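Notes follow the structure.
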């Protein structure tokens, strides 16, 4: 265990082999889990600097400001990091649906008896 | 885009190159983000079969029932999956602190002005 990373006050994000850290976004008002995406060092830097969530798009292979085309940006209310600093919790105010499908949250389906039940 | 994976009712988890899928655990009662960990196919199967959260421990390289030694199990209230089926949302009732540090949540530090502020 890295005691300093767990107990310290220094931000030392542990990026994985691909240079990414997991970002979990919840709605700051309702607590609902909106989406999970990944941030590289630049995305984290821009998220902190601008107060708007940025990610690394693994499919496009580029920096991705959430909402840059849809307008559905995520304004950061609070940013937290976990014990071993390999996951970020972004509490945000969403300007619109967080999911590219138009759903409020990407987690619109419940797993039940091995099947998925749509909750939209 | 895989339309079937996004809109279908079949559970088709998209495991990464290491055979893992991200699992986000929130407290079903309070909505608080408790922890982020990873599940392999067996961990997902056991989570569904037992109603208790199981993960793949990347540090130990083995199946890990959360709470197997501490007793702080996570009883699953609802399981959801995201649009592209590469992340799971586990809404759970925690039997105790979710973090190995003894904190209720692993996300006990807030990022502020490039430093971490302990909220415990």
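For all residues, glycine too, the Cβ spot is worked out from N, Cα and C.
Heads up, TrEMBL stuff is auto-annotated, nobody curated it.
Feature annotation from TrEMBL assigns domain 'Phosphoribosyl-AMP cyclohydrolase' to A:35-108.
The Mg(2+) binding site feature in TrEMBL is assigned to A:82, A:84, A:86. The Cβ of residue A:86 (Mg(2+) binding site) has 18 neighbouring Cβ atoms from other residues within 10 Å, across all protein chains displayed.
Here TrEMBL flags A:83, A:99, A:106 as Zn(2+) binding site. Under the DSSP three-state reduction, residue A:83 (Zn(2+) binding site) is assigned to coil, being neither helix nor strand. Residue A:83 (Zn(2+) binding site) has a Cβ environment of 21 other Cβ atoms inside 10 Å.
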Residue among the binding-site residues A:82, A:84 whose Cβ has the most other Cβ atoms within 10 Å: A:82
Between residue A:86 (Mg(2+) binding site) and residue A:99 (Zn(2+) binding site): CA-CA distance (Å): 23
C-beta crowding around residue A:99 (Zn(2+) binding site), within 10 angstroms: 19
Cβ neighbours within the same chain of residue A:106 (Zn(2+) binding site) - under 8 Å, at least six residues apart: A:34, A:35, A:36, A:98, A:99
